[in-house]
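**Q** Below is a structure I'd like to ask you about.
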């Protein structure tokens, strides 16, 4: 009705002018941003160019243009959305700005940091006042964008489309512009149908739509029949769900159990836009759809999002989010070593970082990938970065895995930096003064950094002064591991490596609970190993052990930590599948965090639970000292109860375009992949839908049997079908099987990089039952 459209419009206008609406328009900083400034964009010491930046009227887009003069002067215009930004750093807070510190004082400099793996944007203003206006202004905008609710987000999305389609900027949209817009939105629609919708929305008959009529057009376009059908099944009058009807829906479909009546009341309060319906204790279709699209309607159990696990068990009882070659932002041959890579990994919740240290020229140890062209960074700078960022995402302990290639002198320099820079965050003594029989817990080690390296003697006080073992850990394999290129052996080049590999006493003393030792077999470990001794295994060695003696590996990992690292042949920094290692209880499964793809999706998926703190408690059958679990024979364990997982893939919403070419529209299909013990590995997919990325409907059911639910991860992937070549990736979401909520759920898709791509989602109906 016209009345609803009018009220929709006024609500939209309120949100869209959210700069006014939050009183932010009159903010002096925002005024500076809207007027625009000339800022220097800095990429390196030699690349510093002036660009004009300004904030657009929508309050969410920063526009900037660059000009360069060749034979023809070209102007390049670029946009960045405030929603892509994570934070603003003030002063010389990036390596690039530090390198030009003498030329530009800190008061002029700031850095825009993006979510995911996108590089930072380093900027220099012309005056300290202007820098402050941009720093404070952008911070306010980021805060505003992060606190928008679902309704405001959707309105913002509608407004963005209107802005994009209104090519001549007259605030109206004619039919030609609307047709272009449909293509941009990933919809293939015949002209007749599109024109029919257009005339329905063009109430004034002027042949063009203003913003409020466009809202109506968008509303007709996004009507979700599949949601309406579910609503109809439970609504007595087809208009609203009374409290009791909503309660029935929650109990029967969403399996919310006892508290469904109270939950129904809360959902109406939270999501129902109509005050009239709220007063009646009812929910309209709009409210119902909003609930289904919200966090409450998401596939991920809300109670598993916060810290819900027992954090007082020994460290060896947890999977620990771990990074390999943490210093690299790219590949291992020519890549750029960077402090930024440590910051990104730590902010992702990574709790084990790696440092490859080598003798530097002026007595200062450096970090880089040895014998390659990767650039070098100072060991002490990494320690400062660690001190600042280690506990921003999680206060549980960080393990610093040291690949030590330094001579004794620079080892001592490292020890001094560790003590001086990390101070009391570095753990240097036993937690309770007692030699442990089991490792301390994440809870006891909160806020501490643990050094993992070689150690002279043990914690018991017996000391072997002449440790001439190889110092480096990862490279101990070349003799026995076909996956490590021989050139990686740090001792191969030292003819007198007995002398070279002496260990500095100062460095050795800093190793407490993570003493690196050579692995001599499971039997040897069972008889002789201490809980604080740990070994590193290449992926191929670990895979072999998992296949041949899975049960022993699980047992070993109940008491000791093991670290797995990628094969030395992965010079492109590709990753191996971490699931195979988790299935035998390995805790520190180190991946190249800088490389997006399936393997990092699985890592992000496992550690998405438990407040993203970087520690996930292993299932009980992997922590019990008498564990008899073997991933190869899951049915032999106590308490074996396989489950059936049934996923009805109903529809997709507003999938992003893969190919930006005008007129190209995706043909989406959904694949569900299960990762877990070997028997559970499975995948199945829907058929593809031609030319519809906007609201494809599949209504296809995929079925799986899961023998070991506690270890399974479920990955939903959407791809653009291509019969001639490989399908293109559109989006994905991965989560632990144990975190899935049954019922009608939305899956909010993530980009290849793991960042959100709202409002792209899948609508599914999930049922989990015992295998009868």
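Count begins at 1; order follows the chain as displayed.
In case you wondered, yes, glycine gets a Cβ from its N, Cα and C as well.
Predicted automatically and left uncurated, TrEMBL annotations should be read as such.
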**Q** In TrEMBL, which of 394-418, 419-443, 444-468, 469-493 is labelled region 'Disordered'?
**A** 469-493
**Q** Reported as an integer number of Å, what is the Cα distance between residue 665 (Ca(2+) 4 binding site) and residue 204 (O-linked glycosylation site)?
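**A** Between the Cα atoms of residue 665 (Ca(2+) 4 binding site) and residue 204 (O-linked glycosylation site), the distance comes to 32 Å.
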**Q** Express the distance between the Cα positions of residue 204 (O-linked glycosylation site) and residue 667 (Ca(2+) 4 binding site) as a whole number of Å.
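**A** With the alpha carbons as reference points, the distance is 36 Å.
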**Q** Do you know offhand how many angstrom separate residue 691 (Ca(2+) 4 binding site) and residue 206 (O-linked glycosylation site) by C-alpha?
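**A** Cα-Cα distance, residue 691 (Ca(2+) 4 binding site) to residue 206 (O-linked glycosylation site): 30 Å.
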**Q** If one measures from the C-alpha of residue 667 (Ca(2+) 4 binding site) to the C-alpha of residue 206 (O-linked glycosylation site), what distance in angstrom results, rounded to a whole number?
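**A** So the alpha carbons of residue 667 (Ca(2+) 4 binding site) and residue 206 (O-linked glycosylation site) sit roughly 35 Å from each other.
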**Q** Per 10 Å Cβ neighbour count, which of the recorded positions 204, 665, 667, 691 ranks highest?
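**A** Answer by Cβ density within 10 Å: 665.
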**Q** Please list the DSSP helix, strand and coil residue counts for the domain 'PI-PLC Y-box' (507-622).
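**A** The counts are 49 helix, 23 strand, 44 coil.
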**Q** Same chain, not part of 665, 667, 691: whose C-beta falls within 8 angstroms of the C-beta centre of the Ca(2+) 4 site? Give them in sequence order.
**A** 186, 188, 664, 666, 668, 689, 690, 692, 693
**Q** Enter the number of other CB atoms within 10 angstroms of the CB of residue 206 (O-linked glycosylation site).
**A** 11
